[in-house]
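Enquirer: Before I ask anything, let me first share the structure, which is written out below as structure tokens.
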Amino acid sequence: MNPYVLVILLYSLGLGTTMTFASSHWLLAWMGLEINTLAITPLMAQQHHPRAVEATTKYFLIQATAAAMILFASTTNAWLMGEWNINNVSNPITNMMIISALALKIGLAPAHFWLPEVLQGLNLLTGLILSTWQKLAPFALIIQVSQNTNPTLLTLLGLMSTLVGGWGGLNQTQLRKILAYSSIAHMGWMMIIIHYAPQLTLIALITYIFMTSAAFLTLKTLNTTKINTLSMAWSKNPVLASITPLTLLSLGGLPPMTGFAPKWLIIQELAKQDLPVTATIMVLTALLSLYFYLRLCYTATLTINPNTTNATTPWRLKTTQNLLPLTMTIIITLGLLPMTPTILTLTT
């Protein structure tokens, strides 16, 4: 892709998200979401591969449907209540429509079916943008709308997403699809607590972005997209192959990695809100996700691919990729748990 075009598209991605962040009017927020969608579409289709084009088409249709729903719901709300303000969506029907549209945008269950298929058709860098940056603008709107939303609806969306995210990833062999189901499960954790403690949703979202970035950049550095090629990682980069299981276990939410902090805080808050059954179900669904992370850890570290040569050549060749983003995200993914009280103090 032409570097000038790439700069314009990345600038538009940033502009769309910033516009949605800064807006208090529904039309401006909708415009930001549309700029976001239109900016990422050429990035997704840049390979000119039939699978990439198919993924781009699916993504565009889903996002256009969600944007149309948001526009219709906000117009209806303005017609009924006489107000375009994002914080004042007090009509229950329009509120539910907006939450449903935003859930479709970020791939929450039961509107999640497009996400694994779309992510599977993209390269790892575009998949990284789709899994992290593209979640920011819709989540900014969900946080603002959630205070007027029925908590039962948000709890149902959260529980279904963690369940589907855990169950869906169990029999996958493609790493991008596994990361898509991982994304669905993490979105569920954020939705379950958004009505009671939006600051915990923010902490969970930021932690998720760093952990997912570390996972995608690791796979890009190792040049692997399937489980069976992950078993050859040790011959390419022994150090990274030994750190990869820690990154995956952080995604699974095991202490002492950073990924444990948001889950611990969310379960603690659910217990405070007198929701022990919900907290128990969330912990049990986290075990489902943990199983497929452990499966990846086992493949990466304890199995040897029968096609691997015994020569030490592959890992002696230095990679030409920039490893600074990978290093930074891995450090944050593995080492921020002791900082949890400080982070909590800063956000409350």
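Each Cβ is built from the backbone N, Cα and C atoms, and glycine gets one as well.
In TrEMBL, annotation is done automatically, which means it is predicted and not curated.
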Enquirer: For the record in TrEMBL, which of the ranges 30-48, 239-257 is the transmembrane segment one?
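Expert: Here TrEMBL associates transmembrane segment with the stretch 239-257.
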Enquirer: Okay, the transmembrane segment (202-219) and the transmembrane segment (152-171): do they have at least three CB pairs under 8 Å, pairs separated by 6 or more?
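Expert: Judged by the Cβ rule, the two regions do not touch, with the required three close pairs absent.
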Enquirer: Going along the chain, which residues at least six beyond the ends of the transmembrane segment (6-28) come within the CB cut-off of under 8 Å?
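Expert: Non-local partners: 34-40, 42-43, 70-71, 74, 77-78, 84-87, 129, 133, 136-137, 140-141.
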Enquirer: Quickly jot the same-chain residues contacting the transmembrane segment (323-344) by Cβ under 8 Å, restricted to those at least six beyond its ends, or write none.
Expert: 203, 207, 210-211, 213-214, 217-218, 221, 243, 246-247, 250, 255-261, 264-265
